[in-house]
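First up is the structure itself, then whatever we jot down about it.
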Amino acid sequence: MKFSTILTGSLFATAALAAPLTEKRRARKEARAAGKRHSNPPYIPGSDKEILKLNGTTNEEYSSNWAGAVLIGDGYTKVTGEFTVPSVSAGSSGSSGYGGGYGYWKNKRQSEEYCASAWVGIDGDTCETAILQTGVDFCYEDGQTSYDAWYEWYPDYAYDFSDITISEGDSIKVTVEATSKSSGSATVENLTTGQSVTHTFSGNVEGDLCETNAEWIVEDFESGDSLVAFADFGSVTFTNAEATSGGSTVGPSDATVMDIEQDGSVLTETSVSGDSVTVTYV
């Protein structure tokens, strides 16, 4: 952004207001570059990073970091969904985030920044070795918001897409596709602006897929060694939610619903209807 040499006081104030977010956004990008921001499998609420393993026998489960819908089956090679980028604000969990009183979360960072992430993925629950995923982070601090598109092949870290701009209200389509258990692609399309970015994984990944899970998730992701303070995102609805298994397309109607529980409080409410998955902050 360029400014003229003569600035009014209001322009100076606007620039000053934007500065903290700019620094935080830069810090997040540097953290990604240093390998510090990543998603995780779903954790059991109140545990020290114990993975919640779904068995498909219950309609709803609670996790400390995942909300949304998870299909359990075999041969999932593609997952896609569309959502509108939400307005985001400070969450009710406070700047200390989740679980400052025990175990892994004792060292939760003190911060005024709140974030959440909407993504689609293959594996990560009943299959713990890998997650192929892509989505959008949305963050809030001091009245300012930012949105970043990313891709990840867990257990490696997440990496930003650099050639796409995302704003509140944009319609986004996210797709992951596995061409083998160690290769595939992640694509984010901004249907509002016409921009599209893809990252291709050509083997040499840190973990192989099992292709047993397909998911549409809003996550309280990890930065450094702790979960970020969870943002109030209103609601995110994945529409045209589809997964491909054995050449056939399936929707989320038979998925297990997951909601986020932290410190004894349920922070989300998830519902599935037809080909849509809605996650609401409560």
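Each residue's number is its place along the chain shown, starting with 1.
Backbone N, Cα and C define each Cβ position, glycine as well.
Taken verbatim from Swiss-Prot:
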type	residues	note
SIGNAL	1-18	signal peptide
COMPBIAS	27-39	compositional bias 'Basic residues'
REGION	27-46	region 'Disordered'
MOD_RES	Gln110	pyrrolidone carboxylic acid
DISULFID	Cys115-Cys139	disulfide bond
DISULFID	Cys127-Cys210	disulfide bond
Residue, out of the disulfide-bonded residues Cys115, Cys127, Cys139, Cys210, whose Cβ gathers the largest set of other Cβ atoms within 10 Å: Cys115
DSSP three-state assignment (helix, strand or coil) for Cys127 (disulfide bond): coil
